[in-house]
Amino acid sequence: MQESAPMWQNFPKRWVMVLLCFAAFLLCNLDRVNMSIAILPMSKEFNWNSATVGLIQSSFFWGYLLTQILGGIWADKIGGKLVLGFGVIWWSTATILTPIAARIGLPFLLIVRAFMGIGEGVAMPAMNNLLSKWIPVSERSRSLALVYSGMYLGSVFGLAFSPILISKFGWPSVFYSFGSLGGIWFALWLRKAYSSPKEDPELSKEKKQLIMGGSISREPVKVIPWRLILSKAPVWALIISHFCHNWGTFILLTWMPTYYNQIFEICSNGECQLYN
């Protein structure tokens, strides 16, 4: 009697891609929010005032802004696997270098945080490029919902575990520990991920046809009709709502720990209590 294959071998490859993207987005916010907690003992150690803290917190977005559109262009040209993989290892390295840069001096810290933003900026466009090729339209909503939930879980875990690590091992530990997780993810990504199903040698011809037949993935458009796009009211509704959502979200993620520390003193003498 022939033995059946292990369950993990029968797991659909397209959902392996979804789970890897989910893990990347979890790491994205895990590495992003740790500074919101670590900045509390750091500002005490380095005697930073509120203006300096704001400068440090905003420096991430200098780089983040640069690669939002470029990430999509690069993914179209060289493939989402390379772009997302490069982004994760880039921002993970910047995360690990953050304590070193902080001790060297403020300008170095600002540069490292901006470099981290450059890495994280490519994550969303590269992920969208990948899933447009890997996921059939009928599964698109649930796959995107799972991937985006990784961002919120990353915020939850980052805000919950950062104070614990800081209290036990000091503030540099959150950057070293969270950043090193990106290396583990990157090793799995290189082994399992492909930019499209047709590049995956492990997939049978039938499975490739199933995935590619159910997905709508066209060649990149050479000329984008920006005037036509920006003349549509639904487009502006999406732009405005997305702007307002992100404004509130990032203000809370960035400044809420500082606010609670000023009101309730969750950090004292360099040690942080559990932040909920």
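One is the number of the first residue shown, and numbering goes on along the chain from there.
Using the three backbone atoms N, Cα and C, a Cβ is placed for every residue, glycine included.
Note: TrEMBL annotation is automatic and uncurated.
Going by TrEMBL, these are the annotated features:
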| type | residues | note |
| --- | --- | --- |
| DOMAIN | 17-276 | domain 'Major facilitator superfamily (MFS) profile' |
| TRANSMEM | 54-75 | transmembrane segment |
| TRANSMEM | 82-102 | transmembrane segment |
| TRANSMEM | 108-131 | transmembrane segment |
| TRANSMEM | 143-165 | transmembrane segment |
| TRANSMEM | 171-190 | transmembrane segment |
Residues from the same chain, set at least six apart from the ends of the transmembrane segment (143-165), whose C-beta lies under 8 A from its own: 14-15, 18-19, 21-34, 36-38, 127, 131, 135, 173-174, 177-178, 253, 257, 266, 272-276
Most Cβ pairs under 8 Å with the transmembrane segment (108-131), selected from 54-75, 82-102, 171-190: 54-75
Same-chain residues at least 6 beyond the ends of the transmembrane segment (54-75) whose Cβ lies under 8 Å from its Cβ atoms: 32, 35-36, 39, 48, 82-84, 87, 106, 109-111, 113-126, 128-130, 250, 254-255
